[in-house]
Amino acid sequence: MDPQGILKAFPKRKKIHADPSSNALAKIPKREAGDARGWLSSLRAHIMPTGIGRARAELFEKQIIQHGGQVCSAQAPGVTHIVVDEGMDYERALRLLRLPQLPPGAQLVKSAWLSLCLQEKKLTDTDGFSLSSPKRSLNEPQPSKSGQDASAPGTQGVLPRTTLSLSPPCTRAVSPPPKAEKPPKTQTQLSSEDEASDGEGPQVSSADLQALISGHYPTPPGEDGGPDPAPEALGKWVCAQPSSQKATNYNLHITEKLEVLAKAYNVQGDKWRALGYAKAINALKSFHKPVSSYQEACSIPGVGRRMAEKVMEILESGHLRKLDHISDSVPVLELFSNIWGAGTKTAQMWYHQGFRSLEDIRGLASLTAQQAIGLKHYDDFLDRMPREEAAEIEQMVRVSAQAFNPGLLCVACGSFRRGKVTCGDVDVLITHPDGRSHQGIFSPLLDSLRQQGFLTDDLVSQEENGQQQKYLGVCRLPGAGQRHRRLDIIVVPYSEFACALLYFTGSAHFNRSMRALAKTKGMSLSEHALSAAVVRNSQGVKVGAGQVLPTPTEKDVFKLLGLPYREPAERDW
């Protein structure tokens, strides 16, 4: 294994932020092309990294400077905006800033405001984004929106003269630096010579690499090793809570009946009704006590009036009449949709063609190659394998891969990595710490596994996903009585390894929560990367990719999102 490859995976970032205890402006690298527009020239901002994350705060600072603005400390004369995390409140912000009150003319605004400004390339209204003191008296003058002078209509994007005259204006954030012989490097381009510039290079051991793979990090001295509590500001975000602290379901007698209906709607293709039931079921499972009245049911977010009526019917009669009227098609549709490669629409088509059993499908239906394989191994695919069998499958792939290159990393993800006792399938992620040697391994590895008789059927022989390559197939361990199992092999570049590891570990519910949280912060999370300053249109559709943030480990992803780190076993939602 190339040790330099490992070192590059844990870069030492150069900080570009102001000392919060100083009135001096931040020292910012040489401006990049694009300042000329200067549409942020009237902005003098301090970015408070708490909750936002240091890397994202640095990115905001860089964007402000690039577009003509200035970055100040919170105490600097003339500061106009102090930008804080979405979950921050006014009083806590002042405590962290060590200020008795906001500086004259300054506004406390949420980071979403700055993200919106960067997306629209103009200073936008701060209405709905600004934080004010709950103790503010009614006769105290209110700051004008987005720093505009209310007496001067038509001056959108220009800060009021009165605000700027309260104190001496800030000096320019940077003075023109001497000409460099080479263009300045961006944060993601810092090389090993930059890392060693302070005389101390990062020391990354094999234990660090093992921690990255397993997701288990050593507990610092003095800590009890239990899961960190979720920050209060993150509320009920699933990704902020350890799954080990799932609430007791006090309404099991209700949710188990609603789940039957939800499943019926799902196999019938009524996805919106199925989604509505799923939300109500999750809300009832999380409720802190048994539901006892119609009013109480209606008060639970996610449970509407009609759902509350069904809850009361179950409470009063112990039954739900709607279950008596589930179509006879539902069990047949469920049977068909469990064939790998057949979704709800295909299952419905087969039902309407008059098929009622797997024998009908086997003898009469027109099947794709994938559906034929799914039907052939129907019972094996539905049977969950013991954890020990999944470990043997991972080992088989690892030994074969490392026969080509001993430095390759192979990690089983999914329910196996989350510590489940049984697994439905196995996802094996493959990479190499040097960032290069994973290339060219995909096809030779699959050929080797086929020659050994380990891979028995190919479902999708190669699926390209950016720089990632994915194989979906069927395997069987050597020996009598072994069953056919679903296996996915994904080869990824090391720069995407942490985000891919997070994505393929799951759970799906946990991943959806993390992606949704990232979206609220103007970011985007995928199996490839975590990006900041993402541009979305009014429908929330991403139209600008933003800037990829460095994420050498899963821990970095959590940190950049302002989340406490959750080990894989704590993500089993």
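Using N, Cα and C of the backbone, Cβ positions are placed for all residues, glycine too.
For reference, Swiss-Prot has these:
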DOMAIN    35-131  domain 'BRCT'
REGION    126-235  region 'Disordered'
COMPBIAS  127-149  compositional bias 'Polar residues'
REGION    263-277  region 'DNA-binding'
ACT_SITE  K310  active site, schiff-base intermediate with DNA
REGION    343-346  region 'DNA-binding'
BINDING   R384, S415, F416, R417, R418, G424, D425, V426, D427, N511  dCTP binding site
REGION    418-427  region 'Involved in primer binding'
BINDING   D425, D427, D488  Mn(2+) binding site
REGION    464-503  region 'DNA-binding'
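In the structure shown, across all protein chains, D427 is the one of the binding-site residues D425, D427, D488 with the greatest number of other Cβ atoms within 10 Å. Burial estimate for the recorded positions (K310, R384, F416, R418): highest at F416, by number of other CB atoms within 10 Å. Sequence-distant contacts of the region 'DNA-binding' (343-346), counting only residues of its own chain at least 6 positions beyond either end whose CB sits under 8 Å from a CB of the stretch, comprise 266-269, 333, 336-337, 371.
Tertiary proximity for the region 'DNA-binding' (263-277) is limited to same-chain residues at least six positions away from its ends with a CB under 8 Å from its CB atoms, namely 304, 307, 326-327, 329-330, 333-334, 337, 344-345, 347-348. Geometry remark: D425 (dCTP binding site) versus K310 (active site, schiff-base intermediate with DNA), CA distance 36 Å. Same-chain neighbours of the Mn(2+) site beyond D425, D427, D488, judged by a C-beta within 8 angstroms of the site's C-beta center, are, in sequence order, C413, G414, V426, V428, L472, R486, L487, F504.
Annotation note: R384 (dCTP binding site) sits in a coil segment as assigned by DSSP. Binding residues for dCTP (R384, S415, F416, R417, R418, G424, D425, V426, D427, N511) extend across at most 22 Å, taking the greatest CA-CA distance.
When averaged over the region 'Involved in primer binding' (418-427), pLDDT in the model lands at 97.
D425 (dCTP binding site) falls within neither a helix nor a strand when secondary structure is assigned with DSSP, and so counts as coil.
When secondary structure is read from DSSP and collapsed to three states, D488 (Mn(2+) binding site) falls in the strand class. Using a 10 Å Cα-Cα cut-off from D488 (Mn(2+) binding site), the recorded positions that qualify among K310, R384, F416, R418, D427 are D427.
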